[in-house]
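Per TrEMBL, the features are as follows:
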{"type": "DOMAIN", "residues": "286-358", "note": "domain 'DUF1736'"}
{"type": "DOMAIN", "residues": "580-743", "note": "domain 'PIK-related kinase FAT'"}
{"type": "REPEAT", "residues": "482-515", "note": "repeat 'TPR'"}
{"type": "REPEAT", "residues": "580-613", "note": "repeat 'TPR'"}
{"type": "REPEAT", "residues": "614-647", "note": "repeat 'TPR'"}
{"type": "REPEAT", "residues": "682-715", "note": "repeat 'TPR'"}
{"type": "REPEAT", "residues": "789-822", "note": "repeat 'TPR'"}
{"type": "REPEAT", "residues": "823-856", "note": "repeat 'TPR'"}
{"type": "TRANSMEM", "residues": "21-40", "note": "transmembrane segment"}
{"type": "TRANSMEM", "residues": "108-127", "note": "transmembrane segment"}
{"type": "TRANSMEM", "residues": "134-153", "note": "transmembrane segment"}
{"type": "TRANSMEM", "residues": "159-179", "note": "transmembrane segment"}
{"type": "TRANSMEM", "residues": "262-283", "note": "transmembrane segment"}
{"type": "TRANSMEM", "residues": "304-323", "note": "transmembrane segment"}
{"type": "TRANSMEM", "residues": "383-406", "note": "transmembrane segment"}
{"type": "TRANSMEM", "residues": "412-434", "note": "transmembrane segment"}
{"type": "TRANSMEM", "residues": "441-458", "note": "transmembrane segment"}
């Protein structure tokens with residue numbers, strides 16, 4: 001009889017081929033994960049990235065490392081009433097490391113996010129193959145779909161989505177470690193089936209280590225993103241499914257060793273969940289975070305039916321986004337999902353169908369598992385686990401347990417989408433097996449679906465490239481959302497496009513007229529001061545303590561010279577002691593009042609809060625400038641320019657210091673640099689013209705100032721400086737014509753008229769001087785100008801030059817009527833009386849002048865001359 005010899009070589013080749021195919025199936029999704037997101041690397045920090053990273057001292061390294069574990073995700077103390085209560089120290093720690101290594105380069109952050117996404121895909125592959133025992137094809141479909149799904153762009157390309165991606169890594173590792181404890185326990189039980197029951201009654205050490213490791217990873221996942229704790233729920237479901245026989249035995253007397261181990265694992269999970277929840281609530285000081293109506297309108301509804309209908313529809317809509325991610329948006333607050341207030345709303349049909357299918361399917365699976373032992377276990381297990389992986393991590397965002405601060409947030413679907421992708425892969429596998437002859441069609445359809453999704457992801461990455469692209473996409477995709485219009489308005493305002501900003505602010509108010517920030521920000525872009533005040537007042541009626549409105553209205557009143565504005569700005573500071581803009585305004589107010597110690601206090605507080613903000617550094621430099629500490633001021637301006645070379649105001653102020661010190665060449669260079677930054681800067685052109693005047697280069701001065709006058713047709717200061725340059729350049733006729741043209745446009749411009757008077761006097765044009773001084777006096781009388789006494793004296797001088805002694809006497813007397821101790825017109829009255837031969841009155845006024853100032857030489861000389869003449873007569 002022939003002996004059968006096994007083909008060992010053939011078996012090895014087959015095993016090697018299987019391994020190679022398995023590795024290929026594991027590699028393809030990882031490559032897809034990288035390739036689909038690689039075009040997002042050049043993207044800037046946008047939206048939440050700015051607050052969570054660039055403005056977070058815990059990330060930039062300005063705070064102590066341990067502060068990360070006391071502050072929330074945004075760098076605010078967890079004990080602070082304004083805290084968002086999002087405690088994610090491990091994610092913040094990763095941001096801090098990235099910031100340290102890259103110097104704050106956004107590209108580095110993007111690369112790390114993509115690598116983490118690829119790592120999630122790799123770990124998911126291991127879970128699908130080794131834990132869920134899925135076929136290679138089903139694993140490839142599930143992981144590839146997860147790798148390219150466009151719902152993940154907010155989590156992967158949006159940098160703050162790091163919390164969800166990193167948590168997913170730890171989530172899957174925790175689940176993997178727990179399942180290994182369960183499966184190893186079952187394997188050891190099978191191997192030791194013939195041993196005495198008492199030998200296996202204890203909890204095995206290796207199993208305990210694996211369970212403990214799983215709990216530690218769950219803690220790490222929770223410290224990365226709050227939903228990380230839900231992995232314990234998924235692990236519990238897995239244990240219940242795979243150890244369901246022990247669940248039934250639990251209800252009977254005489255527990256087996258395996259049942260006791262199952263009970264021990266479940267007990268550890270429950271204790272861990274309770275401990276982590278207590279720890280998390282303690283970090284929040286057992287206080288709930290506060291949210292605004294706009295964040296989650298349904299949760300503020302007084303109707304319980306509205307809340308139930310809307311919350312359940314939102315759950316369905318999240319599933320729909322996984323199924324059909326055609327409409328995506330970075331913000332789903334406000335009116336993105338209108339409230340469902342009636343049972344007759346057609347959207348309820350979608351909700352009912354969704355829940356009916358889910359509940360029926362799950363019930364059918366559970367029933368078969370526990371009652372029908374002949375059921376196909378693998379498919380039932382996989383279905384229940386995929387549903388668990390989809391539902392349990394989503395549950396904290398469902399409003400089922402507590403109010404959340406959003407309607408829909410795409411990035412929170414990152415972990416739940418794992419279960420969704422497994423569910424789709426399982427369905428694909430069943431279809432291919434049941435309808436084998438159509439397998440090629442199903443495969444082609446799946447490839448087409450993944451190609452479409454990958455293309456959508458690549459396009460969606462471009463949306464997150466910059467603030468502008470992101471905000472424009474929001475307006476395009478969800479025009480019914482007030483928040484996206486508000487964000488677009490903020491962007492356009494920052495870009496200097498006030499007209500566009502006004503349009504979007506008004507759209508936001510149309511959609512939600514009860515949000516104070518919309519009214520407040522609209523006020524900041526309006527040119528009409530009364531309308532601006534009305535906007536701020538409306539905001540304060542809606543919310544009397546609205547910080548920005550208090551600040552905006554206060555700043556406006558301060559600029560108008562109304563001291564009531566100071567208390568409003570101070571009130572905004574009382575609401576938020578770290579309000580940098582308010583600190584700077586108060587510092588500026590104190591500088592104007594010459595209260596330098598108070599100014600220093602405000603500005604240094606701002607400096608401590610954010611030493612890198614250009615406006616803060618500038619305010620400190622300006623404080624030094626105002627207190628004549630010019631070296632320190634110049635050093636501060638240079639520091640700003642080293643970090644922000646195009647910071648215009650710092651360039652101008654540095655040039656001003658150099659100009660004041662006579663360093664005209666340095667001043668010229670800085671002002672030219674300023675004009676490279678902003679070629680239409682009229683103040684820069686005017687200052688440069690002044691430097692040229694002092695350098696004696698009058699032709700350049702005239703050219704520079706002529707450009708400035710065209711850019712600033714209403715600026716008296718610039719026009720008068722131009723007239724001065726023309727005069728000194730011997731272009732007297734052009735100087736007079738330009739000055740007269742300016743006065744004809746602004747006949748009530750006191751400074752221009754006064755300048756014209758002085759120029760006429762210098763050129764001995766007495767008749768022109770008489771006209772200008774009369775106009776100046778008329779304006780001063782209407783405005784109650786404090787210089788009116790001096791102007792009367794000047795007008796009297798003109799009368800005197802024209803030999804009109806009565807006119808001169810009239811205005812000299814008006815002058816001293818306002819200023820009784822003004823010596824010059826008193827002496828001049830004496831001189832007029834002298835010319836009129838009224839020596840007694842002349843002597844009286846000379847004596848009056850000397851009583852005010854015994855050292856007045858002109859009065860003494862005139863009195864002596866008068867007394868001599870009186871003796872001779």
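Using N, Cα and C of the backbone, Cβ positions are placed for all residues, glycine too.
Those TrEMBL annotations? Automatic predictions, nothing curated.
Per-stretch counts of Cβ pairs under 8 Å to the transmembrane segment (108-127) identify 21-40 as the leading one among 21-40, 134-153, 304-323, 383-406. Comparing 134-153, 262-283, 304-323, 412-434 for CB pairs under 8 angstroms to the transmembrane segment (441-458), the maximum falls on 134-153. If you look at the transmembrane segment (134-153) against the transmembrane segment (412-434), you find at least three C-beta pairs under 8 angstroms, all six or more positions apart, and that counts as contact. Proximity of distant same-chain residues to the transmembrane segment (383-406), defined by a Cβ-Cβ separation under 8 Å and at least 6 residues beyond the stretch ends, is recorded for 84, 132, 171, 226-227, 230-231, 233-234, 237-238, 241, 288-289, 291, 295-296, 298-299, 307, 311, 314-315, 318-319, 332-333, 358, 361-362, 365-366, 369, 412-413, 415-420, 422-423, 426. Taken together, the residues in the repeat 'TPR' (682-715) have a mean pLDDT of 92 on the 0 to 100 scale. With helix defined as DSSP H, G or I and strand as E or B, the repeat 'TPR' (789-822) counts 27 helix, 0 strand, 7 coil.
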